[in-house]
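Copied from Swiss-Prot, the annotated features are:
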type    : residues               : note
MOTIF   : 37-42                  : motif 'PP-loop motif'
BINDING : CYS112, CYS115, CYS203 : [4Fe-4S] cluster binding site
Amino acid sequence: MSVSQNKLCKRLRRLVGKAIDDYQMIADGDRIMVCLSGGKDSYALLDILLALQKSAPIHFEIIAVNLNQKFPNFPERVLPDYLEKLGVKYDIIEHDTYQVVMEKIPAGKTMCSLCSRLRRGILYRYAEEHGITKIALGHHKIDVIETFFLNLFFTGRLKAMPAKLLSDNKKQIVIRPLVYCDEKDIVKYAKLKAFPIIPSNLCGVQKNMQRTIIKEMLLAWEKDYPQRIEHIFAALTKTVPSHLLDTELFNFAEIEQKAIRFCEESD
């Protein structure tokens, strides 16, 4: 391994470790379900967590779980062969969500939203049935920023992608340990580790055009204005509720009362 490759590995492990610490993602005795899709991000997540597990001061279990949605031409042996060679505990859930979605969504319409909801429900149910305490997903820094702009531009909300959250059913905790990691570093890491990548377009659906627009915008910014992406990400960790317009976040009615109290204390 070259010096630059060694630095890459150390950087990613350090950033994942920092995210875990900052957001208290993993506790002693946790059973972590790493959702493995066969893409570069989930492979990197599993690989880095396994490395950190060896030196962690606490004990936690890792289970790699893949949901085989029965997409056409899905290479069913790639993940089992890789995981068995790796020696990690794993499970493959087989559920034909592809057929369900094809029956419910008219031809030409995007099926990503329904597919995602079905996938999430199946994984949440598996987690509950198997005593999983944390569900680990492979979203990285750029995913967070893209989601922020998607919500800003298309739904009118200041909302990104949380590093840690309680699921809608209040039964699962979802964590994103790669939240501080750059996608370009993960691409390099995947090549270095020679992960057996499974194509993401097996369902035959085109990429989300809105997300593609955002991704192209961010790439242009990164080229023309270095550090802009870093500044945007940093801003997501340094919100000032009193300087926004959301009355749910800040009680503007208290400003007069605070001013009166200040004047009384100053007299």
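Using N, Cα and C of the backbone, Cβ positions are placed for all residues, glycine too.
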Open item on the list: Is it possible to list how many residues within the motif 'PP-loop motif' (37-42) are helical, extended or coil according to DSSP?
Closed with: 3 helix, 0 strand, 3 coil
Open item on the list: At a 10 Å cut-off from the C-beta of CYS112 ([4Fe-4S] cluster binding site), count the other C-beta atoms across all protein chains.
Closed with: 15
